[in-house]
Amino acid sequence: MKYLLDSVAMKKIDEYSIKTTGIPSVVLMERAALSVSSFVEKLAYNKKDSGKKDISICVVCTKGNNGADGLAAIRQLYLHGYKTLVYEAGRKEPGTDEYELQKNIIKNLEIPFECAVQDNILPLDEYDFIIDAMFGIGLSRDVTGVYAQIIDEINRVSAVKVAVDIPSGLSAGIVQVSNKKVKADYTVTFGFDKTGMVLYPGRKYAGKVIVSDIGFAVSQDNVQKILENNPARMIEKKDILMIPEREADGNKGTSGKVLIAAGSRSMGGAAFMSAQSAYRSGCGLVRVFTHENNKNALLTLVPESICDTYNDKNSNCDELTKWCTWADCIIAGPGLSVSGQSEEIVKCILQSGSDATLILDADALNIISENEEYYEYISRYKGKVIMTPHVGEMSRLTGKSVGQIKGNSVETALCYSKEHGVICVLKDAATVVCDHDNIYINTSGNCGMATGGSGDVLTGVIAGMMCAGFDDECFAAALAVYIHGCAGDMCRKNQGIFSMKAWDIAESLSTVFTQNNTDYN
Ligand SMILES: NC(=O)C1=CN([C@@H]2O[C@H](COP(=O)(O)OP(=O)(O)OC[C@H]3O[C@@H](n4cnc5c(N)ncnc54)[C@H](O)[C@@H]3O)[C@@H](O)[C@H]2O)[C@H](O)CC1
Ligand SMILES: [K+]
């Protein structure tokens, strides 16, 4: 797990490093600059045919500390023999102390220097590399005037663009303040990943992100001691190793019993995918409660599953209640449709008296969005409740527009989770998983996963992680989302982004688990 920080958190880390522990600001800056210049130099080496003198690099800066980093980086590149230019934008007043210190060195070395003039921006076509050092985490408002014109020029030309700390115009936190942003090919960011570069739209602007250790006196392990609020986190590959080992003397009953209430008269596929992925994610027994029309197909496709059915005349709620108390984890909703009968099924599960972890997905969410009283049932449900809306379902649940939710996914998920006392998995390109005091933003997966059934597969993986023996269900849900994304990334390699489908994702899960050495002995 890695922390994702915003500008307030980064400023605290900066301040702690400089004021409390006494690391001089300029030391951090020189290390930051060196990480940028050596990265650019590595890229320049790859342009094998040209000698250093033929490679031209322009740094664009304003007069804050991001600009100061940029000045130190370009000085290092100049001293290595590259053709360089400093292009400065900003008011007449002096910059920060660090900026003026770096500018003085630039002047002493007589490194070419130009000041930007509004409406007369220097064409930047001739540069192989542009180092973007206009705004870092100090960005506080919309970018306009000369700064906006320079960003347009940077985005127009074909140079390789390397952003210092964060692309200029992009905010480090969950809310974006500017419409104008540099579209970088690479971002060398300092100390920690930034929330705004992991969420969309920021992720599209940051390019490949390199996190550079510049010597802040705060490690991943003590971030939380320095900050007041819990910062967001992202799951990483090594977290898959945290899945508890399967009991050597366990049996199918001890590996997790899952009940899946899914699949209506004409929609069976969701139930099959959910069942298949639950088994592929380690569940010991999977019982599917579905419309009788789906039984044969289910037992053909996932013969390991147990099938109980309802039909048009009988919702079979007595049986369903019994299986709810049998289960360790319940999935309700995939392909269930919205009807009087499916409402009865969802209500029966919520009122079953079970304390199994309950995953509410798809039509269960649509039913809840149309029937306020279901929130009352949720609040009285004994076990943990996980709700997994995609943005469309979240829009129906909250009455907010899809645009509002996409622009503020963390806040939306967090508010919803707090209001209803549930773990919320808000599914989007960067899925947010949260409870009242934890936020995870997912980084695995790809747009090929935007395909029918992908969410049904996710419910099975979440059930698998609920049965794996974690104490922390929110972390387990976030891990499931990450694993699901990794399986999607595997499909991208094997089937390709256009051809991959949900069943492929379910079938790739075993590779994700085995490649990470968690194939339970
Ligand atoms: N030792 C250190 O302090 C280190 C700092 N690092 C780098 O510093 C930046 C953060 O620097 P800061 O001076 O706080 O702000 P910026 O350079 O990001 O911004 C400059 C300046 O611009 C003003 N401003 C903000 N928004 C706008 C706008 N839309 N239009 C015009 N002007 C705007 C605002 O007043 C800012 O002060 C950090 O990202 C690092 O790159 C290194 O980490 C090394 C250690
Ligand atoms: K920048």
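Heads up, the Cβ atoms here are built off N, Cα and C, so glycines get one too.
For S140 ((6S)-NADPHX binding site), the count of additional Cβ atoms within 10 Å of its Cβ stands at 10 [all protein chains shown]. What TrEMBL lists as (6S)-NADPHX binding site is 65-69, 136-142, Y147, D165, A270, G335, H390, D456.
The feature K(+) binding site is assigned by TrEMBL to N66, D132, S168. Sequence-distant neighbours of S168 (K(+) binding site) (same chain, six or more apart, CB under 8 Å from its CB) are V60, N66, D132, A133, M134, F135, G136, L139, V143, Y147, I151, K181, V182, listed in sequence order.
Taken from TrEMBL, the feature AMP binding site covers K427, D428, A429, A430, T431, G455. Contacts of A430 (AMP binding site) defined by a Cβ separation under 8 A and a same-chain sequence distance of 6+ are given as V198, L199, Y200, R203, S409, I441, N442, T443, in order along the sequence.
Marked as domain 'YjeF N-terminal' by TrEMBL: 10-222.
What TrEMBL records for 235-516 is domain 'YjeF C-terminal'.
Residues near A429 (AMP binding site) in space but far in sequence (CB under 8 A, at least 6 apart, same chain), listed by position: Y200, R203, G445, C447. When other Cβ atoms within 10 Å of the Cβ of D428 (AMP binding site) are tallied across all protein chains shown, the result is 19. Proximity to ligand 2 (Cβ under 6 Å from any of its atoms) holds for these binding-site residues out of N66, D132, D428: N66, D132. Checked against ligand 1, the binding-site residues S168, G335, K427, A430, T431, G455 give no residue with a Cβ less than 6 Å away from one of its atoms.
Cβ neighbour count within 10 Å across all protein chains ranks A68 highest among the binding-site residues A68, I137.
Cβ proximity to the AMP site centre (mean Cβ of K427, D428, A429, A430, T431, G455, cutoff 8 Å) flags the following additional same-chain residues: H390, V391, L426, V432, N442, G445, V481.
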